[in-house]
Amino acid sequence: MSLPKKKIGIFAFFLLTVFTITLKTYFSYYVDFSLGVKGLVQNLILLMNPYSLIALVLSVFLFFKGKKAFWFIFIGGFLLTFLLYANVVYFRFFSDFLTFSTLNQAGNVESMGGAVSASFKWYDFVYFIDTIIYLAILIFKRKWLDNRAFSKKFVPVVMATSVALFFLNLAFAETDRPELLTRTFDHKYLVKYLGPYNFTVYDGVKTIENNQQKALASEDDLTKVLNYTKQKRTEPNPEYYGAAKKKNIIKIHLESFQTFLINKKVNGKEVTPFLNKLSSGNQDFTYFPNFFHQTGQGKTSDSEFTMDNSLYGLPQGSAYSLKGDNTYQSLPAILDQKQGYTSNVMHGDYKTFWNRDQVYKHFGIDNFYDATYYDMSDDNIVNLGLKDKPFFKASADYQSKMKKPFYSHLITLTNHYPFTLDEEDASIDKPNTGDSTVDGYIQTAHYLDQALEEYITDLKKKGLYDNSVIMIYGDHYGISENHNNAMEKLLGEKITPAKFTDLNRTGFWLKVPGKSGGVNKEYAGQMDVMPTLLHLVGIDSKNYLMFGSDMFSKQHNNVVPFRNGDFITEDYKYVNGKIYSNKDNELLTEKPKDFDKNKKQVEKDLEMSDSVLNGDLFRFYKNPDFKKVNPGKYEYKSGPKGNEKK
């Protein structure tokens, strides 16, 4: 006699479980997670991304028969639900998603316990109502279930469909956000495009890779690096050593700034009139016109990383995302331990971007003023976040109340791709290159220059200018090689590979209290900032592992390596396997005498720096001048301006 049709078969129970977990995931996307979903494509991706892993995991249990199949599907569904809800609770408290590295930090686990009790919402039953119903059926209504096995020959079809759905999801995601998995900008981006379950798998794979690399490392590897970097160390310049002891340090990041803008006019108007003044040598600032960015795929995050650690970023991906839980001996922590500085970062975007909320803890940064500390009303936002003028104004107000001496890093945003600006903020006409990116870049750079001038004026009014080291720099290029045709129109010259390397100058301006300004033509890069600042405040650098050299030192190394292995010196540049003269950018027919030595040094620098990151070698370093940072003691709470926008 056949069983009644109303009974629930194993495959039907599987589909029901997949469907209800997916519904709960959608619910979390729109109610609990702030993912910044925009447009039709991103909403379609959001609809698609939970299915693949849920179905793949639960389909394994279709191989079982009878009661076992139902119970295994139920348990698998419960574990996925638990993972989802754990992320919901964690996100409510930390505005981020759970990772294996955060779970391994005792401080985070303890905070999580408090977060659960503090973060319950009245609607949380939604996450478990299906679990309760299924459990009741399995215990009390077993007669509703059809225990006949699901045909095993169809299980691989279900699995293959799940895998195909994942790759379709990934294709859509890569179309909307290229290099999603290689650059890993932000956990929110990964969850938005892949879903929380695939994100957990991705994080697990990366954690295993990192742990394997660390497991192979030893103190011997550290010794090799220390011996190498000690040979590179340069003696400080007595004229500058200790000149800024216990002075505030204000580090200003000019987003996507390139120095071809200095003294550049468009339609008869200066693009950067304020920076032009600072570059003249007649102001309080020393200008380094031959200062280059040294970033890789991590762009802005690489710039921050390099300048605070004197290490190179990774050859692929971002060190912030992939090596964020390493041990470091960073500039903020050294300043704190040696001279009692408090440190902070100020940024008009949310704290999870580039994994900053985790990385900064390992750098020993005390406070993080993210978007929740600023007025993020629509009038104040453009492109990726807060406009530079309101950002600088609010930041100066915060700085005027800070304990001194402080180390404060301000990260601007308006001069960021795609370089769009509200009409009321545009005060210079665009050029007419026919390329909206290049044309817009002129307007946003002009706005940035105005905002910077207003900020410096504010510092003077608040009594912070005279007693502060002020450092201004561009983080990376803004205009890529894809826009060479438009750049040729703008600059009136051909953009060759050699010329494009010249355009990687991003500028460095430094004001040291009590010192007159000028123009310093040394060739330098972001790697050199940390040793320079340590010497300026009078901290001996001999026991710190750094790859850069003091820019004021008479022994300063004028070879500037790039992350891809290219490099530039005072006389020539090595680009894509070819050597060009700096005078005219023409190919050299003979190798310079010091070329092989310099090339070998660049390769060794990159190799050694990579070994520090991949092996997490600082964990082995018993530095008499440094106490290891405990990331668990740092917590970056949201500011008074409220929660993140949905």
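Each residue, glycine too, has its Cβ placed from N, Cα and C.
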### Query
Under Swiss-Prot's topological domain names, is Asn43 on the same membrane side as Ala244?
yes
### Query
Swiss-Prot has Thr300, Asp475, His476 binding Mn(2+). Which one of Glu255, Glu423, Glu424, Glu522 is in the same site?
Glu255
### Task
Could you tell me which three-state DSSP class Thr300 (active site) falls into?
helix
### Query
What are the helix, strand and coil residue counts for the topological domain 'Extracellular' (29-43) according to DSSP?
8 helix, 0 strand, 7 coil
### Task
Let me know how many other Cβ atoms fall within 10 Å of the Cβ of His416 (substrate binding site).
20
### Message
According to DSSP, does His416 (substrate binding site) sit in a helix, a strand, or coil?
### Response
coil
## Note on the structure
Within the same chain, the residues at least 6 apart in sequence whose Cβ is under 8 angstroms from that of Asp475 (Mn(2+) binding site) are His253, Leu254, Glu255, Ser256, Phe257, His293, Thr295, Lys299, Thr300, Ser303, Glu304, Thr506
### Output field, Mn(2+) shell: CB within 8 Å of site CB centroid, site Glu255, Thr300, Asp475, His476 dropped
His253, Leu254, Ser256, Phe257, His293, Thr295, Lys299, Ser303, His416, Gly474
### Query
Can at least 3 Cβ pairs under 8 A be found between the transmembrane segment (8-28) and the transmembrane segment (120-140), with each pair 6 or more apart in sequence?
yes
### Message
DSSP secondary structure for Glu255 (Mn(2+) binding site), reduced to helix/strand/coil, please.
### Response
coil
## Note on the structure
In DSSP terms, the topological domain 'Cytoplasmic' (141-153) comprises 5 helix, 1 strand, 7 coil
